[in-house]
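Reading through the structure tokens given below for one structure.
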Ligand SMILES: *Cc1c(COP(=O)(O)O)cnc(C)c1O
């Protein structure tokens, strides 16, 4: 993992001293290195440019959603994906251009579809027949003069995860129209018959934390075959192939992710090969990285508290956060690495289990972590927590969610305030029993 230190040997994030950030903003604290977010967005954009193909990089904002990230993504000229009215409203409040927003989800409500149409969201990614029905009646009755751009989310029958892919498994998915059983084609017919629906592309998403190109190559081939079949049978020419996200990142030193360039090269080469006999124009390629944009840019700072050594078993080192701000280790045994912020490069003297403060035995952030000697009050930095950490945070145990800081060129700025105790009671109402 890439560790930056300053003259005092302290960990720095976005040019800011991690100890100073912890002191100024308290812990637990999520800090993003903004330059790294920009760098990741640009690496995908530039990889497509190098391949001389028209492409759109759309940040999947469920990985980390806050006004500030939408603003950074917009500054970099990328699009965003949203999956709820809440994410959409946040993007709009941030000033994000609605034309560059794609709206996903397998159970969008009527109210959400209405909101998306009213706000002139760029693309609705239609997932199922129920949604199609809602959309068609909404357009017919409430927006009779409006045409909206849609993509069809299909289930390609390929799923990919880390190094493996599976060519049949993903049929069993709650997302999208299944291709093999003919549902996708039926959806296509329905969309083509409605003049208010402008079908601009085909979408699929095959998994996450993918560490190999094979799944994407299969996906591109599958989508191209589908596009050709639909072109011949329905004269439908897709403008866009949207390949979803899932690009893997390094969480620990044992992870060896591919670069943006490697993924993009494989995707574009497969596309050109599959398209060679087609007389229609090469479609634009869209991708939707979430984790790959924000994962490595985020660091969680915690204050170390109690330490419990069970002889011959293990030493628990407890921090002031845990599963409430990062559920991933408890939820799916996600692996992380941590460093001591005052001496991230110092030699290890102990191996500890980093435990959280929440009332669950499963609230362990890192099962085995080598660290230098530690004192209560030391700041522990858990690395690569930028994706699906804060965005999955909860108020379990009535503990507020951490503050989020964006750090860039040595300047730190709060972009999400710490959730205080008053905030936690904001929605509570007294219960008053009638007739007493
Ligand atoms: C979750 C999701 C993504 C982003 O996935 P990452 O693994 O974070 O890159 C992209 N597209 C869709 C449709 C998704 O559901």
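Note: Cβ is positioned from N, Cα and C throughout, glycine not excepted.
Among the features that TrEMBL reports, domain 'Orn/DAP/Arg decarboxylase 2 N-terminal' is placed at 35-295.
The N6-(pyridoxal phosphate)lysine annotation in TrEMBL covers 62. Sequence-distant neighbours of residue 62 (N6-(pyridoxal phosphate)lysine) (same chain, 6+ residues apart, CB-CB distance under 8 A): 81, 82, 83, 87, 290, 388, 391.
With a cut-off of 8 Å between CB atoms and residues at least 6 apart in sequence, the same chain places 40, 44, 57, 59, 60, 245, 246, 247 near residue 289 (pyridoxal 5'-phosphate binding site), listed in sequence order. The pyridoxal 5'-phosphate binding site annotation in TrEMBL covers 246, 288, 289, 290, 291, 388.
If you look up TrEMBL, you'll see 291, 328, 332, 360, 388 marked as substrate binding site. According to DSSP, residue 388 (pyridoxal 5'-phosphate binding site) is assigned to coil rather than to any helix or strand.
Among the listed binding-site residues, namely 291, 328, the Cβ with the most fellow Cβ atoms inside 10 Å is that of 291. Cβ neighbours of residue 288 (pyridoxal 5'-phosphate binding site) (same chain, under 8 Å, six or more residues apart in sequence): 58, 59, 60, 81, 102, 205, 242, 243, 244, 245. Residue 291 (pyridoxal 5'-phosphate binding site) sits 13 Å from residue 328 (substrate binding site), taking the C-alpha atoms as the reference points. Residues from the binding-site residues list (288, 291, 328, 332, 360) with a C-beta closer than 6 Å to any atom of ligand 1: 288, 291.
Long-range C-beta contacts of residue 332 (substrate binding site), restricted to its own chain and to partners at least six residues apart, with a cutoff below 8 Å, are absent.
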